[in-house]
Amino acid sequence: MEKKKIVLKNFTEDELKEFMKTIDEKPFRGSQIFSWIYKGAKTFDDMNNIPKSLRNKLEEVSCIGHIDIELKLESKVDNTKKYLFLLDDGNIIETVMMDYDSRVTVCVSNQVGCRMGCNFCASTMDGLIRNLEPWEILDQVIKIQEDTGKRVSNLVLMGSGEPLDNFENTKQFLKIINEKNGLNIGYRHITLSTCGIVPKMYELADLEIAINLALSLHSPYDEERRKIMPVANAYSIEEILNACRYYIKKTNRRVTFEYSLIKGVNDSEKEAKALAKLLKGMLCHVNLIPINKVEEREYEKPDKAFIYKFRDSLEKNNIPATVRMSMGSDISGACGQLRRKYK
């Protein structure tokens, strides 16, 4: 069996310098190669200040790492683009770019599929196929920057997959994306969304890297949450909120609670008041997301009046809340609509 090659995009700059030592090369070559990677080098022969002997050696044991754009869809109603990327093993992942006036945000996937089973989300329908490696998450951002010529300023880990279910690779990706000689995206411009894997939430907090944490809550009641989110069978709302409080304490960052509003399921005045009571005193914000249509599901978004009544009820009880503007829904690129194949 052919030995699997080492993917250089999986390394930080310091790690690449260490890798040079393992192949009997000077560490400074690692910095040169790192620079070439982020200048867009596609092959080792593009690196014209690297000796031919080293390029040949690298060719034998390693590769740079590339995913390919299979398809790009552009929204007709807003500045959203959805990319379908083809991975080396033939799997497909989806990534969304949102071009705002003041920033460019990319929503990356971190798994092929998802095993969390949230029953309003398209990403989980085929289950989990595999985790993405750090470089495969990273290259979504690189390829979008190359395609558009625009610098990505903000990043959300809200595509297919649960980041904390792929924790080690997510953690390494966060180190790489922050590299000053790489893409240099600051931690305060990165948001990680989780459905609440409590032990990993504590581990994330202990990293003390101060990224923004978004918690998919969707109901103030354990019983109701278990019906729409199977992960709720493993962790109660109380356990999740305690982990959120710990995260706030360690990072001094506000936690965002994502709440998908589903008509007749979780959109009543009673639930708004229960949610406000639950979050009282926390450094937090509620992001209300009118459910986006997934053709295999019967869920519907509430009428606009109900949506804003829910928001007003939270704010009346001193819980900051906004209604998220849904972008990319006409290309199935909105929250909950990403999947591992194009339909």
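Glycine residues also receive a Cβ, built from the backbone N, Cα and C atoms like all the rest.
Features reported for this protein in Swiss-Prot:
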{"type": "ACT_SITE", "residues": "GLU94", "note": "active site, proton acceptor"}
{"type": "DOMAIN", "residues": "100-330", "note": "domain 'Radical SAM core'"}
{"type": "DISULFID", "residues": "CYS107-CYS335", "note": "disulfide bond"}
{"type": "BINDING", "residues": "CYS114, CYS118, CYS121", "note": "[4Fe-4S] cluster binding site"}
{"type": "BINDING", "residues": "GLY161, GLU162, SER193, SER216, LEU217, HIS218, ASN292", "note": "S-adenosyl-L-methionine binding site"}
{"type": "ACT_SITE", "residues": "CYS335", "note": "active site, S-methylcysteine intermediate"}
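What Swiss-Prot annotates, mapped onto the structure for a quick look.
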{"residue": "GLU94", "record": "active site, proton acceptor", "DSSP (3 states)": "strand"}
{"residue": "CYS107", "record": "disulfide bond", "DSSP (3 states)": "strand"}
{"residue": "CYS121", "record": "[4Fe-4S] cluster binding site", "DSSP (3 states)": "coil"}
{"residue": "GLY161", "record": "S-adenosyl-L-methionine binding site", "DSSP (3 states)": "coil"}
{"residue": "SER193", "record": "S-adenosyl-L-methionine binding site", "DSSP (3 states)": "strand"}
{"residue": "SER216", "record": "S-adenosyl-L-methionine binding site", "DSSP (3 states)": "strand"}
{"residue": "ASN292", "record": "S-adenosyl-L-methionine binding site", "DSSP (3 states)": "coil"}
Top Cα neighbour of SER193 (S-adenosyl-L-methionine binding site) in the set of recorded positions GLU94, CYS107, CYS114, CYS118, CYS121: CYS107
Reported mean pLDDT - the domain 'Radical SAM core' (100-330): 94
GLU162 (S-adenosyl-L-methionine binding site): nearby recorded positions from GLU94, CYS107, CYS114, CYS118, CYS121, Cα cut-off 10 Å: CYS114
Between SER216 (S-adenosyl-L-methionine binding site) and CYS107 (disulfide bond): CA-CA distance (Å): 16
10 Å Cα neighbourhood of ASN292 (S-adenosyl-L-methionine binding site): matching recorded positions from GLU94, CYS114, CYS118: none
Neighbours of GLY161 (S-adenosyl-L-methionine binding site) among the recorded positions GLU94, CYS114, CYS118 (Cα to Cα, within 10 Å): CYS114
Neighbour tally for SER216 (S-adenosyl-L-methionine binding site), based on other Cβ positions within 10 Å of its Cβ: 26
Candidates CYS118, CYS121, SER216, LEU217, HIS218 (binding-site residues) - the one closest to the residue listed as 'active site, proton acceptor' by CA: CYS121
